[in-house]
């Protein structure tokens, strides 16, 4: 990795060993922020290792120190905070923070964790090390897939239109909504990696995927809706690398990554002997699955030849008798993280929000400067540029950018005009970041 090494092996191990679970009321606190910074560093190192095909010590450290279950618990905890506490904060009339970035870091925490899990779950041993928490992760991914299926058409407003005349908290809510889409897409990838391990998953996990959630039918709905594709002005666009990109006519028959993840997950769930033995092919399931035949074109089979086996399975299914729903009496594990957190915090959402308002998110100028300094140290620009899949985007209009804000060095712009228009929103964070840099 040479000059681009972010963490030395000893440093990475210290960060991994220190990972722990936090209570919901602790989110955004000093200790929580330090762990968030650690996760971001581990995230960048894991991506950097994978990008330049180096040995991948981050997932090994997470496995060896038993931290995958901790990451799953933190993921679900921040998901619950966003659903239960964040809306209360947004409704508090006496909460008008001068800077929303500390809250943004909590909102962004879910994206940080799911991104790290997406990077490391590519390796089957990571899934195995999740132990019984893989049940909770399956439930989490199912919730995100439901959001994707329910998502309306992809006619998003431009960032400029979305944030026009918004208060800082309203803008933060809109950013959280945009972030939720990307989080859900990463959850789809994590779920696909879990299905790669279908032959070694517990019966409880298989039953959860196939009977409780009926994931094969849900995946068929995802293929039908294709929420990561849209048409704008007659042009096909796919959501890739964090933004909507126009697909050239010559590339439109090419399988995109997210469709590929769905097909591989379906292949794993329908053709694995272990999964087939647990899946009940009811008349509803048969009707849903046979919809796949229309998608299995020669062009698709050329790109994913293994799907020929799936095509054969569907041909056999079309002639097979359906089964009534099975009502076996089975003792099995159930996910516990969401229910436990909800039980522990029931009736306390308002109190948690007010506690965080007073003790976590109402920072002094000095505290904000210190945080800005830590953020600047965490997000190493040379590393971010090395792992970025493409050129930076303009912070105002999202066009390809070549100029960086000279004061804070954190935000890119395509032209001077966009920088001037964005200053009203960017200014305070920019000044704090610049002051933090000078304080080093």
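A Cβ is built for glycine as well, from the same backbone N, Cα and C atoms used for every other residue.
Predicted, not measured: the structure shown is a model, and the values here were computed from it.
According to Swiss-Prot, the Zn(2+) 1 binding site annotation covers 394, 397, 414, 418, on the basis of sequence analysis. Residue 397 (Zn(2+) 1 binding site) has a Cβ environment of 17 other Cβ atoms inside 10 Å.
The annotation zinc finger is assigned in Swiss-Prot to 394-430.
Neighbour list (residue 426 (Zn(2+) 2 binding site), Cβ cut-off 8 Å, at least 6 residues apart, same chain): 395, 405, 411. Marked as Zn(2+) 2 binding site by Swiss-Prot on the basis of sequence analysis: 405, 408, 426, 430.
Classification of residue 394 (Zn(2+) 1 binding site) by DSSP places it in coil, neither helical nor stranded.
Residues 393, 395, 396, 398, 399, 401, 413, 415, 417, 419 surround the recorded Zn(2+) 1 site, their Cβ atoms falling within 8 Å of the Cβ centroid of 394, 397, 414, 418, which are themselves excluded. Per-residue pLDDT, averaged across the zinc finger (394-430), gives 74. The Cβ of residue 394 (Zn(2+) 1 binding site) lies under 8 Å from the Cβ of 400, 401, 412, 413, 414, 415, 418, each of these being in the same chain and 6 or more residues away along the sequence.
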